[in-house]
Amino acid sequence: MIDDDHSAPLLRVHGITKSFAGVQALKGVDLEVRAAEVHCVLGQNGAGKSTLIKVLSGVHQPDGGVIEWQGEQISIAHPVAALGLGIATMYQELDVVDGLTIAENIFLGHERSAGGMLKVAEANRATRELLLRLGHGNLSPSTEVGRLSAANKQIVSMARALSHDTKLIIMDEPSAVLDSEEVRNLFRVIRELTSQGVAVVYISHRLEEIRQIGDRITVIKDGRSMAVGLSARETPTPDLITLMTGRAVANVFPARVPVPADAPVLIDVSDLTLRGQFTNVSLSVRAGEIVGLAGLVGSGRSEILETIYGARKASGGQVSVGGTRLKPGSVRSAVHAGIGLAPEERKSQGLILDEPVYRNVTLSTFARFARGGFLDERRERQVSLEQMQALELRPAVPERTTRTLSGGNQQKVLLARWLVHGTKVLLLDEPTRGVDVGARAEIYALIRQLAAAGTAIILVSSEIEEVIGLADRVLVIGDGEVLSTTYAHDIDERGVLDLVMKGAAA
Amino acid sequence: MSEQQTVPAGPASTNPPAAAEERPGVVRRILSGSAGRNLGLVIALVLLVIVGTITAGDRFASYDNFLTILRLASIIGVISIGLTFVITAGGIDLSVGSVMGLATVVASLAAVQAAATQSSWLLMVLIPIGVGVAAGLINGIVIAYGNVVAFMATLAMLVAARGLAELISGRRTQIVIETGFLQFTRSSIIGVPLLIWIFLVVAIVAWFLLNRTTFGRRTVAIGGNREASRLAGIRVKRHLVYVYVLSGLTAGIAGIMMLGRTTAGTSTHGTLYELDAIAAVVVGGTLLIGGRGTIVGTVLGVLIFSTLTNVFTQNNLDTSVQAITKGLIIVIAVLLQQRFATRGSSGN
């Protein structure tokens, strides 16, 4: 139901430029958002999405360009001015206060009060209305926000935006902290908003999501808009990837390399059990082979990897590497035997973010380079630099603080760590989480190369097509059991889902 | 394990070369690095010396008085250095002062002194060290393997060690009469008292340990990200025990120094030293949440506080005013650190 009013742009941005200390973050961005549409802004990390958001929400002032709001040229001097116009922003790091209730959060800064006394009942009533508008009447306004899930915190954040009579909500990668069920719910809420005439600018680099929720797309690359107002449903994926990355991605997944029949089995897992999580998981991986574990969130995939690695103590079964049985529950024994893990939560489980890259690369090996307990940092730097160059980790500066790297490069730091270690068996848990589309193909190619060089790889991913596209064999996991083992070319996404659903029904 | 592998030729990529590393101004880079943080501390120290010289003249600015300041700094300094490792590893040790007190009491027991006179005064050196190491071992095991929060475990040790010291000393001050021990601890080398030499040696050894050895790297790594360190194959629990033992060891060494300086062992030695030590460590630039530690900073932090005390004493000023000034210095130092820290990381 699009009438003429709706197709006239609510927000029109033309030729916005912005530089920081000589670095040009935005070199000319155009954007046009209509009322009641979901407008997706697509771009790799560092393309300038965050800067654009900050310009629109009044945090930064643009150096040049024009912003038109409802047909009038305006400037947005500060965040409060943006709210006054009806532009609200939901940042990735949710700006809710954990210790306050839902109602207190929603009216934070514009409390309902009379003579300095808070009108709690009125605020609660208004909150309930806002939550109802968002389809979340089940949330109580007096619940403390700290007890809510990330998904519900987003709902609070959106309700707060609505409390300002908002016409446009900018959402910065809202799905990054959500699981698939929560994402579906988020989409329901977004549709609720647009049906009430609110426009949404949706920032993401997940193409699948944009297809589902988006109306139109603007692609940004290197601080410039490459395409404005493309159809979100009809633009072919390769076109979008080419616009985002500036190069054609003919084939995202690298070609499989046949595993020689006489390749030795590097890791053998038999009847591995972790009480309450999974039972009797058996698998073996040969040199050069990639085995993928597919299944839904909560199926026990990550737990299996962590137990193989000894980060969790198995309650039954065993893991052998090259014929040697590993000590259950001992990471050290696993690392010593030649297993490496690139964990799911890269930032909290994998990296020391404030340390230089080279110290993260050598975190498992610095003692090997040391002489008599004294570190040899020069060799550590040199070895790290060699790996960084081999993995095309950019910029190849070993002294750089790890926090400043993109998701894809941080993943490469972990790969480099295990390459330096000489790992024979690599366990990869969600290797492309938080990695943007262009860098993904590169990570896939690296994983395949590692396998081709003789490494045995076990891969876990919540994206089923990633498992099928990359692995040689696929184990479908459901409810903590191996439901089937097949060659990857004998199964598709549909097949995996069918198996999972049957397993759940049985 | 086998030697490292390299990936064969990477994926053909047409990516442009990485954008030139952003280079903040040289001055800013130095200021935001460790040298800059230490420079700030040096400036603060110099200012204090200038204030002291102006207000107290020769009473302050004399060789003897500087030795007094250093002697004052040496005991808390050794404790603070051990504590620097604990804090860098993301922990805390509140028991350092009371463990030091306990060490002085045990070493000055009549029976121990008699035994030392019969065998060797070295016994009175080894016993405080043994007491400190034992207390650190208990702290470490309770924290690492018992999963007790470090704050609570070492608070318990603080209270218990103080109680034990009172119990075995009967709350009496025990005078040191063992002449060999007194001669040793009160000796000077080229005109500089032994206590200051101990401080210096401990500081140098600690600097190497933290910055140049695998022990130091593990300490920083665990403080920076404990889970990542564990998953990289570092024996985190065992290492944490070592770190608390190290802190106990320095508390024991401080006990020897205290016995020598005061010629007495008492359960009240070291009261509230843990707070002075934490202040010195944090003002020095070690992060209270772990992951970054600096021995030079800790030494400068200790020197700032002991110089401040001396300036106040030389001017016959109230200790209450001194306490207020200390509080201000702590807050200002932390504020400045934060500014440098944010400036250093906000390249873009």
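Sequential numbering from 1, following the chain as shown.
Quick reminder: no glycine exception, Cβ is built from N, Cα and C everywhere.
TrEMBL labels come from automatic prediction, so no person has curated them.
Here TrEMBL flags B:1-16 as compositional bias 'Polar residues'.
What TrEMBL records for B:1-21 is region 'Disordered'.
The transmembrane segment annotation in TrEMBL covers B:38-57 (among others). Cβ atoms under 8 Å from those of the transmembrane segment (B:38-57) belong to residues 30-31, 283-285, 294, 296-297, 300-301, 303-304, 307-308, 310-311, 314-315, 329, 333, 336, 340 of the same chain, restricted to positions at least 6 beyond its ends.
If you look up TrEMBL, you'll see B:69-87 (among others) marked as transmembrane segment. Distant neighbours of the transmembrane segment (B:69-87): 93, 96-97, 100, 150, 193, 195-196, 198-199, 202-203, 206, 209-210, 219, 223, 243-244, 246-251, 253-254, 257-258, 261, 270, 273-274, 276-278, 280-282, 284, 286-288, 290, 293-295, 298-299, 301-303, 305-307, 309-310; these residues of the same chain sit at least 6 beyond its ends, with a Cβ under 8 Å from one of its Cβ atoms.
Nonlocal intrachain contacts for the transmembrane segment (B:94-115), taken as residues 6+ away from its ends with a CB within less than 8 angstroms of a stretch CB, comprise 75, 79, 82-83, 123-124, 127-129, 131-132, 135-136, 139, 151, 154-155, 157-159, 161-162, 164-165, 168-169, 174-178, 247-248, 250-252, 254-256, 258-259, 264-274, 277. What TrEMBL lists as transmembrane segment is B:94-115 (among others).
As annotated by TrEMBL, transmembrane segment applies to B:121-142 (among others).
Per TrEMBL, transmembrane segment is recorded for B:149-169 (among others).
Annotation comment: TrEMBL describes B:189-210 (among others) as transmembrane segment.
Per TrEMBL, the feature transmembrane segment maps to B:240-260 (among others). Through the fold, the transmembrane segment (B:240-260) approaches residues 74-76, 78-79, 81-83, 85-86, 89, 91, 93, 95-97, 99-104, 107-108, 124-125, 128-137, 139-141, 143-145, 176, 181-182, 184-186, 194-195, 198, 202, 215, 219, 222, 269-270 of its own chain, all at least 6 residues removed from its boundaries and within a Cβ separation under 8 Å.
Annotation comment: TrEMBL describes B:272-290 (among others) as transmembrane segment. Residues of the same chain lying 6 or more positions beyond the ends of the transmembrane segment (B:272-290) and with a Cβ under 8 Å from any Cβ of it are 34, 37-38, 41, 76-77, 79-80, 83-84, 87-98, 100, 158, 222-224, 296-302, 304-305, 326, 329-330, 333-334, 337.
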Beyond the flanks of the transmembrane segment (B:149-169) by at least 6 residues, Cβ under 8 Å
86, 91-95, 97-99, 101-102, 105-106, 109, 135, 138-139, 142-143, 265-267, 274
Within the same chain, where does the transmembrane segment (B:121-142) have neighbours whose Cβ lies under 8 angstroms from its own Cβ atoms, ignoring anything closer than 6 residues to its ends? I mean 6 or more beyond.
93, 95, 99-100, 102-104, 106-108, 112-113, 115, 148, 150, 153-154, 157, 161, 176, 178-181, 183-184, 240-253, 255-256, 259
